[in-house]
Amino acid sequence: MRLRHKPYAMDRIKEYSQFVIGNPEEHRGNWKELFGNDHPIHIEVGTGRGRFVYEMAKANPDINYIGIEKFTSVIVDALDKLIEKELPNLKLINKDAEDLTVFFTKGEIDRVYLNFSDPWPKKRHAKRRLTYKTFLRNYEEVLVKDGEIHFKTDNQALFEYSLMSMAEYGMVFTFLSLDLHNSDFEGNIMTEYEEKFSSKGHRIYRVEAKYRTEPVQ
């Protein structure tokens, strides 16, 4: 994806620091204080232009959401949604999510969303995929005991790789669809990419997974 440079983006982000948290590491262990309640916290890694996380926050006021996106020129579009209509249960982070433990403590997060992540198709780039084992370990470090990962993509190869990676890590699948839009799954909120790809006839794949809490018998 080629990103369009937006020279105003950084100034906009600095101006609205109540929405885009510039120092997330300082809130490590204290995100509930920042939100002002003890509601569950869900994060989206690679939030892009923010439609998904914004609509989720709007639909679920009793859940706090944090959208994490490293590209300034992209996250500013998510910020514009909050400027137009503020949601008290949504914050944004303009940082790389390579190590979430810098931002969150163990058990601070209830769910991780991964939507249409970069597939990094070349084998030598496998470690960059957000479902590679080091990332799975990273999510495990910040999730509650029964926390979940919800993963969605139109890329069959990435989906198959992710299922294998999660299984090898010892995760348990609680939901799996090989054609989400033609399933009986309810409550799906589409991302910008999802709408684009599905309109072209692409299948949408989805899996929900938990970390195994007991040893295999």
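Cβ atoms here come from the backbone N, Cα and C positions, even for glycine.
Record check, Swiss-Prot: substrate site residues include Lys122, Thr191, Glu192, Tyr193, Glu194, and the candidate from Asp62, Asp80, Asp96, Asp154 also listed there is Asp154.
Within 8 Å of the centroid defined by the CB atoms of Glu44, Glu69, Asp96, Asp118, the record's S-adenosyl-L-methionine site, lie the Cβ atoms of Val45, Gly46, Thr47, Gly48, Ile68, Lys70, Phe71, Ala97, Ser117, Leu130, excluding the listed residues themselves. Neighbour density around each Cβ, counted as other Cβ atoms within 10 Å, peaks among the binding-site residues Asp96, Glu192, Glu194 at Glu194. Comparing local CB density within 10 A for the binding-site residues Glu44, Asp118, Asp154, Thr191, Tyr193, the maximum falls on Glu44. For the pair formed by Tyr193 (substrate binding site) and Asp118 (S-adenosyl-L-methionine binding site), distance between Cα atoms is given as 11 Å, rounded to the nearest Å. Recorded residues Asp118 (S-adenosyl-L-methionine binding site) and Thr191 (substrate binding site) have their alpha carbons 14 Å apart, per Cα-Cα distance. In this record, substrate is bound by Lys122, Asp154, Thr191, Glu192, Tyr193, Glu194; the longest C-alpha to C-alpha distance in that set is 25 Å.
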